[in-house]
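Novice: Dropping a structure here in structure tokens format, bear with me for questions.
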Amino acid sequence: MAKIGSFLVLISLACSLTLCICDDEENNYGGDRGNLFPGFYSRSCPNAEEIVRSVVAQAVARETRMAASLMRLHFHDCFVQGCDGSLLLDSSGRIVTEKSSNPNSGSARGFEVVDQIKAALENECPGIVSCADALTLAARDSSVLTGGPSWMVPLGRRDSTSASLSGSNNNIPAPNNTFNTILSRFNRQGLDVTDMVALSGSHTIGFSRCTSFRQRLYNQSGNGTPDTTLEQSYAANLRQRCPRSGGDQNLSELDINSAGRFDNSYFKNLIENMGLLNSDEVLFSSNEESRELVKKYAEDQEEFFEQFAESMIKMGNISPLTGSSGEIRKNCRKINS
């Protein structure tokens, strides 16, 4: 009888330990932000992360630029109503799509890849993995596939049944914003200056349209003169691709040295006054705290990678829908009902 009692005590302790481990995992990865945690689909859809990774890998193999595009979708989604997949919705009925906002119109891309991810997930485990989680995982995988850091993604987000065109127009920083405006928009989401500088480092990959940086080349302050903080030979090269009028869709690398590789070259460019967008260069030219962060990340890629991963987790935890809130969309472009 004593042996049986001892056995039951051990079983009880084991169960308690298992519960503690699960609780700790949830607490460490957003228990205060809707109970997001990395193992959310471990039983309901154990292959979810591998499915997302496979589709993203194929897309990036076809076009390296897609990695930057998917990261940008995640960023633009999270800054409007939280990370809820609202950006993925097309206009339909009462939904007015965020895709037509100033920050997204003509530039947000990668929606077809998200569609492919969702179709593969639905084929494996119907109605289980949200579009919001799929996009969050795709952003992480985009970093890894271009040489950047990896991190454990807290999961369990649900999808919104609404979108906010006004939120997209008002919450997402613009390429020509001042430092203080950009910081205030990050602060509004619970992100600080360290997060802002680290997350801006995602501009180490990808491209930007002429219309996003033309002002710096020809009329920075509204008086017909260029931005004097822009390195002159770099500016001359940019003018060849981006004329005073026309060529709005012409592309230039956000990181002139390694647009297809996720590294810390972006920060080195800022120190050389070779940041493409005004919103990039002000990180070095307009604020002492952010300037020191730029210098630190330029000198230490590992430090940048560690902070980028931490800040991506933090951004991914902005106002998630969990529990019975929202829904799990069958099609990322439209609500279920």
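Using N, Cα and C of the backbone, Cβ positions are placed for all residues, glycine too.
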Novice: Identify which of CYS125, CYS131, CYS210 is listed by TrEMBL as the disulfide partner of CYS332.
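Specialist: Here TrEMBL pairs CYS332 with CYS131 via a disulfide bond.
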Novice: Roughly where does the domain 'Plant heme peroxidase family profile' (35-336) sit in mean pLDDT, to the nearest integer?
Specialist: 96
Novice: Determine the minimum-neighbour residue: among ASP255, ASP263, listed as binding-site residues, which Cβ has the fewest other Cβ atoms within 10 angstroms?
Specialist: ASP263
Novice: Given a separation of at least six residues and a C-beta threshold under 8 Å, show me what packs close to CYS45 (disulfide bond) in the same chain.
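Specialist: In sequence order, LEU121, GLU124, CYS125, ILE128, VAL129 meet the Cβ cut-off.
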Novice: Which of the recorded positions HIS76, VAL80, CYS131, HIS203, CYS210 has its Cα nearest to the Cα of ASP263 (Ca(2+) 2 binding site)?
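Specialist: Ranked by Cα distance from ASP263 (Ca(2+) 2 binding site), first place goes to HIS203.
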Novice: So if I draw a 10 Å sphere around the Cβ of CYS131 (disulfide bond), how many other Cβ atoms end up inside it?
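Specialist: Within a 10 Å radius of the Cβ of CYS131 (disulfide bond) lie 30 other Cβ atoms.
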Novice: Relative to the Cβ position of ASP84 (Ca(2+) 1 binding site), how many further Cβ atoms are located within 10 Å?
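Specialist: Taking all protein chains shown, ASP84 (Ca(2+) 1 binding site) has 28 Cβ neighbours within 10 Å.
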